[in-house]
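Enquirer: One structure, pasted below without further comment.
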Amino acid sequence: MKSLFVAGTGTDLGKTHVACALLEAARAGGLSVDAFKPVVSGFDPDAPDDSDPARLARALGRPEAWTDVSPRRYRAPLAPNIAARLEGDTLQMDDLITDCREWLIGRDVGLALIEGAGGVMSPMTDEATNLDLMVALGLPVLLVAGSYLGTASHLLTALEVLRARGLSIAAIVVSESLDAPDLDQTLGLLRAFEHQATILSAPRAGNWDAGSLVDLLMA
């Protein structure tokens, strides 16, 4: 089983967009897949179909499985620890790690994705960040960046931090940002500074085919 952690250089850059496209392309290629997002904030229980868990569940071909995809769901569109506190919960990193490990143990699929919340250093609990969860799990990272002005600094900083903590980068996907500079120009800039991991792009126009990403990750 190929297991990956889908992380972002920031918030709302397209992690779920990339993860869904990857899952759909993998399924189209005959792979069995599953996905897990251990905690999500900004979740409206009255409109679950628009949520990240529901999008991932649809990409899995199991649209009713969003409760399994994300067992910890909070309403407020804030950092998970703050959103949880508003509902009387306190998130603990040990619990999130256990959730992810138990989920991984129970999988028997070709490709399993765990998607984080926010960016690499986004707080997950009152004392720990997304990075702490990633380090504890030790999975290769599929890193998603935007194409906005300033993304080079954010991406290179994230790569430096991830590698300093011993994490490997499976691939980098640049998810096209709205009203951003030319995508190809941005890709050229990023590739001039990052020579280890393959950088692919995920255009927003049309339906992005992630088949090349599947081939790269499963090789």
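For all residues, glycine too, the Cβ spot is worked out from N, Cα and C.
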Enquirer: For the ATP site that Swiss-Prot assigns to D12, L13, G14, K15, T16, H17, E115, G116, A117, G118, S175, E176, which of the candidates D50, D52, D215 is also assigned?
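Expert: Of the residues offered, the record points to D52.
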Enquirer: Quick one: what's DSSP say for G118 (ATP binding site), helix, strand or coil?
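Expert: In three-state terms, G118 (ATP binding site) counts as strand.
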Enquirer: Taking every protein chain in this structure into account, which of the binding-site residues T16, S41 has the most other Cβ atoms within 10 Å of its Cβ?
Expert: T16
Enquirer: Ten-angstrom check, please: count other Cβ atoms within 10 Å of the Cβ of E176 (ATP binding site), all chains counted.
Expert: 19
Enquirer: In three-state terms from DSSP, label G14 (ATP binding site) for me.
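Expert: Assignment for G14 (ATP binding site) reads coil.
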